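Notes follow once the structure below has been shown.
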Amino acid sequence: MSEPSVTSRQSLRKSLRQARRALSADAQQRAAQALQQQLSEYLPSHTKQLAGYLASDGEISLLPTLSWCHQRGILTSLPVIHPFTGKHLLFQHFSHDTAMTRNRFNIEEPALDSTAIIELTAHDCLLMPLVGFDAKGNRLGMGGGFYDRTLAPLQQLRDGTPRPLLIGVAHDCQQVPVLPIEPWDIPLDVIITPTQCIEL
Ligand SMILES: Nc1ncnc2c1ncn2[C@@H]1O[C@H](COP(=O)(O)OP(=O)(O)O)[C@@H](O)[C@H]1O
Ligand SMILES: [Mg+2]
């Protein structure tokens, strides 16, 4: 039998994923624009390299944000499932002419090109999608632990070593009063939604 916290995380994921999938195309578009506006005000002015994602499953879209980055000369990358471990993410350069493929979750990702991989610590900012969040900045993901596993080495870096700002992004309807968290969950620096900016 699974532990109660596992069960509640799973049932929360299910209802929160349903809620975001239920948003209309128009609501999604407005949310994506509002998020771009929020991020344009929040991102540090020195940002040169930003990791994003391509939305699926009702996630808030970063397309306006990625276009805004490209207009300003901010380089962008997207996650790619690690070809060897299958459990970690690599980040690969992304621009309008990047060859794309679909991974085992049917999510679009850049076709693997080892020359285009951007090291995690070479990023100034990393935007990651949330299934759920609370006002304390706890994050619930899709349940695969991909970001937790990939970001775990950052916890070992010495103070002062450059590391990306970890920014969770979500629709406002992904917020819950309290999230059950686990020891391996990596804390975020900030959560940004179309209407909120929760700094931690
Ligand atoms: N640093 C890590 N090393 C190994 N396994 C991990 C690590 N972080 C998370 N996991 C595994 O990933 C699984 C999913 O993690 P969870 O936090 O529930 O998912 P998500 O963050 O996607 O919501 C957990 O069963 C956990 O054991
Ligand atoms: Mg987690």
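One is the number of the first residue shown, and numbering goes on along the chain from there.
Glycine residues also receive a Cβ, built from the backbone N, Cα and C atoms like all the rest.
TrEMBL entries are annotated by machine, without manual review.
The feature ATP binding site is assigned by TrEMBL to Arg9, Gln10, Ser11, Leu12, Arg13, Arg139, Leu140, Gly141, Met142, Gly143, Gly144, Gly145, Phe146, Tyr147. All protein chains considered, the CB of Ser11 (ATP binding site) has 10 other CB atoms within 10 Å.
Glu59 (substrate binding site) counts 23 other C-beta atoms within 10 Å of its own C-beta, drawing on all protein chains shown. Under the heading substrate binding site, TrEMBL lists Leu54, Glu59.
Across the residues the record lists as binding ATP (Arg9, Gln10, Ser11, Leu12, Arg13, Arg139, Leu140, Gly141, Met142, Gly143, Gly144, Gly145, Phe146, Tyr147), the two Cα atoms farthest apart are 20 Å from each other. Reported as a whole number, the C-alpha separation between Arg9 (ATP binding site) and Leu54 (substrate binding site) equals 24 Å.
Between Met142 (ATP binding site) and Glu59 (substrate binding site), the C-alpha separation comes to 11 Å.
Looking at Glu59 (substrate binding site) and Gly144 (ATP binding site), their Cα atoms lie 16 Å from each other. Separation of the C-alpha atoms of Leu54 (substrate binding site) and Arg13 (ATP binding site): 19 Å, rounded to the nearest whole number. Neighbour count (other Cβ atoms within 10 Å of the Cβ, all protein chains): 12 for Gly144 (ATP binding site).
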